[in-house]
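Peer 1: Dropping the structure in here first, questions after.
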Protein chains: 4
Amino acid sequence: MSSTYGRFFQVTSWGESHGKAVGVVVDGCPAGLPLTEADIQTLLDRRKPGQNKYTTARKEGDEVQILSGTFEGKTTGTPISMVVFNQDQRSRDYSAIMDVYRPGHADYTFDAKYGFRDYRGGGRSSGRETIARVAAGAIAEKILGELGVTVRAYASRIGGIDASDTEAVQAFLDQKIAEQDSVGGIVECRITGVPAGLGDPVFEKLDANLAKAIMSIGAVKGVEIGDGFAVAEACGSENNDAFRYDEEGKICKKTNHAGGILGGMSDGSEIILRAAFKPTPSIAQPQETVNRATGENVEIQIKGRHDPIVVNRAVVVVESMAAITIVDALFANMHSNMDGILRYYR
Amino acid sequence: MSSTYGRFFQVTSWGESHGKAVGVVVDGCPAGLPLTEADIQTLLDRRKPGQNKYTTARKEGDEVQILSGTFEGKTTGTPISMVVFNQDQRSRDYSAIMDVYRPGHADYTFDAKYGFRDYRGGGRSSGRETIARVAAGAIAEKILGELGVTVRAYASRIGGIDASDTEAVQAFLDQKIAEQDSVGGIVECRITGVPAGLGDPVFEKLDANLAKAIMSIGAVKGVEIGDGFAVAEACGSENNDAFRYDEEGKICKKTNHAGGILGGMSDGSEIILRAAFKPTPSIAQPQETVNRATGENVEIQIKGRHDPIVVNRAVVVVESMAAITIVDALFANMHSNMDGILRYYR
Amino acid sequence: MSSTYGRFFQVTSWGESHGKAVGVVVDGCPAGLPLTEADIQTLLDRRKPGQNKYTTARKEGDEVQILSGTFEGKTTGTPISMVVFNQDQRSRDYSAIMDVYRPGHADYTFDAKYGFRDYRGGGRSSGRETIARVAAGAIAEKILGELGVTVRAYASRIGGIDASDTEAVQAFLDQKIAEQDSVGGIVECRITGVPAGLGDPVFEKLDANLAKAIMSIGAVKGVEIGDGFAVAEACGSENNDAFRYDEEGKICKKTNHAGGILGGMSDGSEIILRAAFKPTPSIAQPQETVNRATGENVEIQIKGRHDPIVVNRAVVVVESMAAITIVDALFANMHSNMDGILRYYR
Amino acid sequence: MSSTYGRFFQVTSWGESHGKAVGVVVDGCPAGLPLTEADIQTLLDRRKPGQNKYTTARKEGDEVQILSGTFEGKTTGTPISMVVFNQDQRSRDYSAIMDVYRPGHADYTFDAKYGFRDYRGGGRSSGRETIARVAAGAIAEKILGELGVTVRAYASRIGGIDASDTEAVQAFLDQKIAEQDSVGGIVECRITGVPAGLGDPVFEKLDANLAKAIMSIGAVKGVEIGDGFAVAEACGSENNDAFRYDEEGKICKKTNHAGGILGGMSDGSEIILRAAFKPTPSIAQPQETVNRATGENVEIQIKGRHDPIVVNRAVVVVESMAAITIVDALFANMHSNMDGILRYYR
């Protein structure tokens with residue numbers, strides 16, 4: 001029961017890296033949204049591997065098909081089923097890891113939970129699962145586009161380096177590739193145009209749902225909103241954002257330490273969040289681990305094509321999960337006060 | 001629709017700071033758990049204000065009553081309703097803030113969402129709402145106790161200072177109180193005895209649910225698991241935790257950078273998480289804000305009794321939300337494989 | 001996990017017949033709805049026992065208190081907690097049934113599920129639990145009132161007799177009371193003013209949710225919509241409702257065999273449903289049963305004050321559950337098409 | 001948000017009659033269940049049209065593919081995605097109904113809800129949607145088989161005739177076909193081997209969930225449990241089922257008027273339910289309706305191949321929905337008391 005996200009805009013992900021296909025069902029998408037496969041493909045292409053030397057050299061077609069929920073170029077309000085068939089599987093590359101747990105991967109915990117696993121690769125924990133998230137995110141972004149909301153994510157740190165310093169980043173990555181090692185990084189996401197009042201005051205806080213959405217992406221080990229962990233060292237007099245009337249007589253904030261969310265609800269300013277990604281666990285260096293078949297301590301060297309860094313391909317996944325969460329909050333918000341309900345129905 | 005947390009062990013919180021009472025309904029607690037009001041009160045007393053000079057001087061009785069769901073000292077499997085009546089309300093202290101939004105508070109976002117609000121205090125966003133969380137957390141901790149799982153949270157940083165250096169912390173807090181200011185901090189939480197395999201591989205990852213649970217606590221702006229944000233600067237060769245057989249032939253990890261969760265599922269080692277709390281937004285210094293009634297920019301000075309730091313009282317809230325989340329994952333896990341189901345029913 | 005109903009307008013019921021209180025938390029009620037305790041009490045009084053000789057002679061005050069979620073006579077959008085404290089408990093009447101399962105009651109199944117139970121009465125399965133449903137239903141009916149929707153339930157059959165023939169009904173009930181027996185009946189419910197298009201085409205059909213809501217009332221053994229079971233003997237040419245334009249150019253139906261729901265969605269005509277209630281299981285006649293303590297077959301004679309018929313008091317419960325279900329469907333419907341969403345947010 | 005059923009064993013249905021495919025994602029199926037496409041196909045073949053002269057003459061391949069969630073012939077605990085591609089679409093048959101609402105169908109309510117619809121056929125309300133239910137039901141029945149639970153449904157009434165009197169049924173159907181008319185009927189379902197204690201005492205009653213599951217099947221207008229609507233005319237002394245110890249010292253009931261469910265929980269005896277199906281709304285006779293494009297009252301004659309009776313093909317759908325509901329209740333039950341939880345985890 002791990003595979004549905006969202007209360008109103010519901011995304012059900014399925015599929016394994018070495019199965020026949022991966023896919024997603026989006027239920028709760030409103031009728032009348034213009035939507036074609038090209039809309040989805042554009043976003044999917046942003047997460048494709050093989051785009052530069054720092055992402056894996058595999059060629060994946062990843063051509064999405066919409067199997068239901070649209071008619072004459074528009075959504076019908078019924079579930080939208082999307083599928084991407086797996087093509088480049090080469091399962092022979094993975095046979096060595098059947099009984100040997102890869103450090104930093106979910107192999108061991110899968111066996112602990114389910115008793116056994118599809119040992120041919122990452123399975124359900126593979127990066128290919130994010131195809132489902134991005135396909136659903138593409139729909140969410142289309143809805144947001146109609147409402148004037150934009151979601152934009154980007155790598156902000158690669159290892160300890162500012163991602164905008166591309167020369168330093170390149171040098172660093174080249175060195176790590178030479179060392180058969182991998183590096184982590186930070187993805188930042190900014191959401192503009194969100195009306196004030198989205199989210200809820202207690203458990204369904206907008207930031208709580210964003211935290212879950214982002215932490216549910218493989219390799220994420222930390223999430224922060226606005227000033228994030230830096231608030232732990234700030235004083236109230238610095239951290240509080242003053243309210244002011246702007247020139248148009250609209251209430252705004254002088255600063256945005258809060259990252260656009262106060263008390264779990266959007267305050268109308270830009271929403272800012274960051275996610276910390278761990279280094280790709282698959283590295284070619286020898287690593288210590290166990291063989292569950294022989295019961296022995298062993299060494300493993302992970303072969304095959306692996307990204308030295310996951311951050312670049314993860315950007316669009318962060319964006320997608322944020323977009324889905326905002327759409328869900330927009331829908332939830334529609335029945336929060338009687339005035340709005342009466343306005344809708346009269 | 002903001003007030004229920006959990007899929008199987010469901011916690012429904014209600015109540016405002018200046019209403020008649022705050023309370024909680026815990027649904028899905030198994031029958032046969034020994035439970036008395038004293039069990040709840042013990043944990044509630046840990047969050048009480050007025051315990052030292054750094055927490056507010058209000059005297060709150062906060063005596064919990066169990067209204068349903070127990071019989072002859074044991075839970076019956078039916079919903080457990082708990083209530084704490086509000087006693088020390090002094091609503092006269094709050095009349096000045098009816099139209100003036102307090103910076104860093106949810107006053108503005110409440111009005112934006114609902115059109116109006118109970119202006120007598122924090123209302124639903126008050127720290128008193130955490131009574132509900134802690135009362136429910138006390139039950140979760142009792143369940144975990146039966147299963148050998150322990151949850152322990154503590155302040156790890158006060159402002160920028162190591163919380164174990166109590167002299168430095170005291171000097172820092174005294175200075176900030178003198179400055180009519182407030183400070184943030186970090187709460188760390190460690191969970192031991194969790195069996196491997198809790199959580200799910202995709203959206204219902206154990207760390208994703210912990211992130212939501214913790215981020216849903218007021219004033220939290222960041223959550224991290226294991227090495228957290230530090231992984232962004234680590235290499236794979238450092239960050240991967242090697243597997244080894246221990247002396248008893250059990251699989252264990254040599255290190256625990258992952259904080260006890262791999263691929264969204266517990267790996268049997270200690271679960272470690274940290275939450276960043278912002279400084280208390282209520283400070284006595286004058287602050288810039290707006291008056292929505294007059295439409296003017298104004299200054300506000302927040303009077304009354306407020307903690308200069310929220311971290312100390314928040315420790316037990318973090319612990320409670322973590323405990324609730326682990327119980328939920330333990331229940332979810334029971335139907336994850338056929339062997340376990342057959343063992344249960346035969 | 002049995003005690004929350006509704007996806008958007010969420011009702012969490014708690015309490016046992018011989019505990020301290022029964023109550024309910026309504027989460028998801030929009031802000032700005034005028035609501036006082038008197039609004040709730042009016043509906044609660046309709047389910048009170050002791051109103052005539054055919055309902056039990058117990059005097060129950062059943063005075064409801066609203067503990068949260070309202071301010072200055074209006075709902076605030078936060079959870080509304082309502083409680084009724086139990087007064088007339090006389091638990092001595094019930095001691096004989098500690099180990100002897102009452103036929104037709106849930107005593108045996110409670111023990112089977114939970115291992116033990118509060119043996120002092122019906123506990124969670126008591127009719128007193130319906131206080132929670134009616135208190136929540138009162139709020140739902142207020143919301144529906146603002147939208148021009150009316151829900152009206154009434155007893156249509158008492159035993160095999162048309163309930164409008166009050167003389168025949170009285171004679172029948174007097175006879176059954178003399179025989180120390182009880183009788184069943186049928187409650188019919190009609191809902192007018194529902195806009196077309198509420199409900200969903202597949203699992204969340206409006207009639208499916210109404211069926212669950214009504215079947216979740218104790219003693220209900222059947223639910224039907226429109227012509228109900230009679231459709232099994234009808235032909236398509238009779239059962240299909242023809243569409244016509246009325247004089248105002250509005251599409252309407254010439255007949256309403258469908259009971260206002262087509263393909264799981266409301267069609268704009270009156271919604272009609274019926275529920276079959278079994279006879280009160282508590283009768284004074286001797287009945288065969290078992291004593292779980294002695295392991296013997298025994299006879300039981302149930303003493304105390306029991307309604308010979310449950311239908312009269314159940315009318316308002318049916319109405320309440322129907323109202324709650326319609327409110328939930330109204331909220332769900334608000335994000336079903338982009339036009340409506342754009343209209344709401346722009 | 002209409003397309004997911006179940007809380008623990010979650011079934012997400014998608015697809016339209018004239019789209020590319022219909023399918024289903026089953027999430028929450030435990031790992032280790034033997035499962036092949038042949039297991040699914042066997043049940044799907046029971047709902048196929050074209051099996052005798054009373055069901056439609058269309059040839060549908062309806063070959064199911066499993067796209068995820070199994071490995072080496074067993075389920076892996078991850079979502080099971082199944083798809084059936086649509087082959088025989090002949091959309092030209094349906095063009096006449098683009099603007100003319102078919103009586104008894106969901107055409108009108110679809111337009112009312114979503115603003116427009118896929119007018120090429122029943123779309124989401126087509127009988128083809130039940131492929132998803134049956135494919136999921138096949139998995140549920142496999143789980144139940146491992147636990148000794150059997151679910152068996154059958155037509156009990158065709159029109160007003162006992163379905164076992166096949167000669168009378170044949171004569172009746174032949175007559176109705178000659179009259180270009182259709183007939184309704186009743187499906188009965190019996191579930192044996194269910195342990196006592198499944199279900200919950202309040203909203204999540206086992207009978208309430210069965211009622212929703214069955215009423216969510218298109219064309220069902222009534223659901224009853226045990227004696228069902230007959231209880232409305234029964235006395236308590238007749239309707240109460242006496243408890244007795246059987247020869248093996250096990251508690252059993254002398255009769256089963258309750259249909260195996262007491263107070264919302266299974267009592268260990270056979271669960272019996274019945275569903276009333278309306279006559280197929282598609283009939284070749286001329287019918288009155290409206291044309292929304294011209295705004296005129298018109299007549300419609302529905303061409304094409306339609307079953308004169310839906311009951312025969314619906315049997316396996318009833319069985320499937322019942323099986324899914326029982327599996328869900330079995331899973332929910334596992335965390336209902338501490339003894340069971342401790343037994344599971346120790």
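Glycine is treated like the rest: Cβ placed from N, Cα and C.
Pulled these from TrEMBL:
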type: BINDING; residues: C:ARG47, C:LYS53; note: NADP(+) binding site
type: BINDING; residues: C:ARG124, C:SER125, C:SER126, C:GLY263, C:LYS278, C:PRO279, C:THR280, C:PRO281, C:SER282, C:ARG305; note: FMN binding site
Peer 1: Taking the binding-site residues one at a time (C:ARG47, C:ARG124, C:LYS278), which has its Cβ surrounded by the most other Cβ atoms within 10 Å?
Peer 2: C:ARG124
Peer 1: In whole Å, could you give the widest CA to CA gap in the FMN site formed by C:ARG124, C:SER125, C:SER126, C:GLY263, C:LYS278, C:PRO279, C:THR280, C:PRO281, C:SER282, C:ARG305?
Peer 2: 45
Peer 1: Looking only at Cβ atoms, how many others are within 10 Å of the one on C:SER126 (FMN binding site)?
Peer 2: 22
Peer 1: Which of the three DSSP-derived classes (helix, strand, coil) applies to C:SER282 (FMN binding site)?
Peer 2: coil
Peer 1: Given the binding-site residues C:ARG47, C:ARG124, C:LYS278, C:THR280, C:SER282, which pass a C-beta cutoff of under 8 Å against chain B? Sequence order please.
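Peer 2: Listed binding-site residues meeting the cut-off: C:ARG124.
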Peer 1: May I ask which residues of the same chain, at least 6 positions away in sequence, place their Cβ under 8 angstroms from the Cβ of C:SER282 (FMN binding site)?
Peer 2: C:ARG102, C:GLY104, C:HIS105, C:SER182, C:ILE302, C:GLY304, C:HIS306
Peer 1: Please list residues from the chain of C:THR280 (FMN binding site) whose Cβ is under 8 angstroms from its Cβ, counting only those at least six apart in sequence.
Peer 2: C:SER182, C:ALA219, C:HIS306, C:ASP307, C:PRO308, C:ILE309, C:VAL310
Peer 1: From the Cα of C:ARG47 (NADP(+) binding site) across to the Cα of C:ARG124 (FMN binding site), what is the distance in angstrom?
Peer 2: 17
Peer 1: On the three-state reduction of DSSP, what should I expect for C:ARG124 (FMN binding site)?
Peer 2: helix
Peer 1: List the Cα distance (Å, whole number) between C:ARG47 (NADP(+) binding site) and C:LYS278 (FMN binding site).
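Peer 2: A Cα-Cα distance of 18 Å.
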